[in-house]
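Undergrad: Feature annotation from TrEMBL assigns DNA-binding region to B:16-55. Residues annotated as domain 'CoA-binding' in TrEMBL: B:79-180. Sequence annotations record features per position, and here TrEMBL assigns NAD(+) binding site to B:G90, B:A91, B:G92, B:N93, B:L94, B:G95.
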There are 2 protein chains.
Amino acid sequence: MSEKEISLAVIKRLPRYYRYLGELMEKDVVRISSKELSEKMQVTASQIRQDLNNFGGFGQQGYGYNVEHLYTEIGKILGLDKRYNIIIIGAGNLGQALANYTDFEKRGFILKGIFDVNPILIGLSIRGTEIRLMGELEEFIKSNNIDIAVLTIPKHNAPKVAADLVNWGVHAFWNFAPCDLNLPKDIIVENVHLSESIMRLSYDLKTLKEQPN
Amino acid sequence: MSEKEISLAVIKRLPRYYRYLGELMEKDVVRISSKELSEKMQVTASQIRQDLNNFGGFGQQGYGYNVEHLYTEIGKILGLDKRYNIIIIGAGNLGQALANYTDFEKRGFILKGIFDVNPILIGLSIRGTEIRLMGELEEFIKSNNIDIAVLTIPKHNAPKVAADLVNWGVHAFWNFAPCDLNLPKDIIVENVHLSESIMRLSYDLKTLKEQPN
DNA sequence: TAGATTGTTAATCGATTAACAATC
DNA sequence: TAGATTGTTAATCGATTAACAATC
């Protein structure tokens, strides 16, 4: 019995709801109506109610939503109550920056290892996680039950490395390499394409300068 | 005479077209039809033609598109032929990673300065750009004609710092802080919310595990 | 010229917004 | 109970896809 498919547009909004609800909790706000939340977030109240009702009725007529309850429920929908083992491939600047990224643990992602081709980096530790040589990768993945690989390597070998990782049992990627990985479609890939982001910024700037009104 | 507004969905696809055309150029491909490109990119040919025709007719009936010409034209649409001065605010791991990010120059963004509150970092240089104290910021922006600020600072002071920057003349932001900046609406903000990205990945993983088919 | 493929209009599909009955 | 606000259906809007005449 497959439930109705949730649209990608809805999924992409959930983390933002989650963030706002977290901020409300910090301010000790107990309840909020879709109308109040919509004003804060600059979306329509209708959209909030539609989005949430894809997953169930979390509110109460005449009252609104309990902030803490809704926060917890969205967390569950996003799978933030689960634990996953991750590795970082590529210990360059970005790889090291992400290794220091404490949000991983907050979201249930446990950093198990960091790998690089450069022998100079080997043995160095980031927040208690040692950098290892790529040669150890296959053995490490198999013995550490790795779910997710973060790819912070150059684009020229990213698809090849990703294909190897899939063969060794990794089934999800957080990909920072500026390319498509072309993996089987049962493999999950979340891309962070900084160069595409910077081009959108460039477009907006150009457009602003052209229409000075 | 205001031209018809281009939808955000179209803009977001342009950088990906640009990337694929770049790859085709590297392979010395001279021409490509919307059909061939659509197969490579896993979109419909119709969508490619519709998207491009928002900006003009870049193809030729019976022939397709000249790869190099289309690449150049999309580059112009994205404003990649322009030059903008940028600064990085926050010289932590991520700020330093971005300072080393060579795509900036490729896209016409010139790194003029890096700023941090931590005096320990002052004087240190990254790819020839010196790290400066936040106190110098106002003077620096005014005398260096800064267009864009990259924000890699903690969320608790990001909106305040951004508001100051706007007052001093910055009108565009590449924001890595996990918060909304709440700036006037003529200010351009391109957000990179890594924590939202990681939550989408978490959702996909959870969904995969629930439906093992 | 004939074949191919664009540019563009029309049809479809999906997502957002509006409205309101249900109900706390 | 009366007022408020949800959950949900219906209406609208916009984006994607299909189709085909124009034309290289």
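We count from 1, first residue shown onward.
The backbone N, Cα and C atoms fix where each Cβ goes, and this holds for glycine too.
TrEMBL entries are annotated by machine, without manual review.
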Undergrad: For the DNA-binding region (B:16-55), give me same-chain residues lying six or more residues beyond its boundaries with a C-beta closer than 8 angstroms to one of its C-beta atoms, as numbers and ranges.
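TA: Contacts with the DNA-binding region (B:16-55): 4, 6, 10, 63-68, 70-71, 73-75, 77-78.
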Undergrad: Name, in the order they occur in the sequence, the residues of the same chain whose CB lies under 8 A from the CB of B:G92 (NAD(+) binding site) and which sit 6 or more residues away.
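TA: Same-chain residues close to B:G92 (NAD(+) binding site) (Cβ under 8 Å, separated by 6 or more) are B:D116, B:T152, B:I153.
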Undergrad: Which state, by DSSP, holds B:G92 (NAD(+) binding site): helix, strand or coil?
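TA: Once the DSSP labels are grouped into three classes, B:G92 (NAD(+) binding site) ends up as coil.
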Undergrad: If you draw a 10 Å sphere around the Cβ of B:G95 (NAD(+) binding site), how many other Cβ atoms fall inside it, taking every protein chain shown into account?
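TA: Cβ-Cβ neighbours of B:G95 (NAD(+) binding site) within 10 Å number 25.
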Undergrad: Would you count the other C-beta atoms found within 10 angstroms of the C-beta of B:A91 (NAD(+) binding site) for me?
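TA: B:A91 (NAD(+) binding site): 24 neighbouring Cβ atoms within 10 Å.
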Undergrad: Averaged over the domain 'CoA-binding' (B:79-180), what pLDDT does the predicted model reach?
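TA: Mean model confidence (pLDDT) across the domain 'CoA-binding' (B:79-180) is 95.
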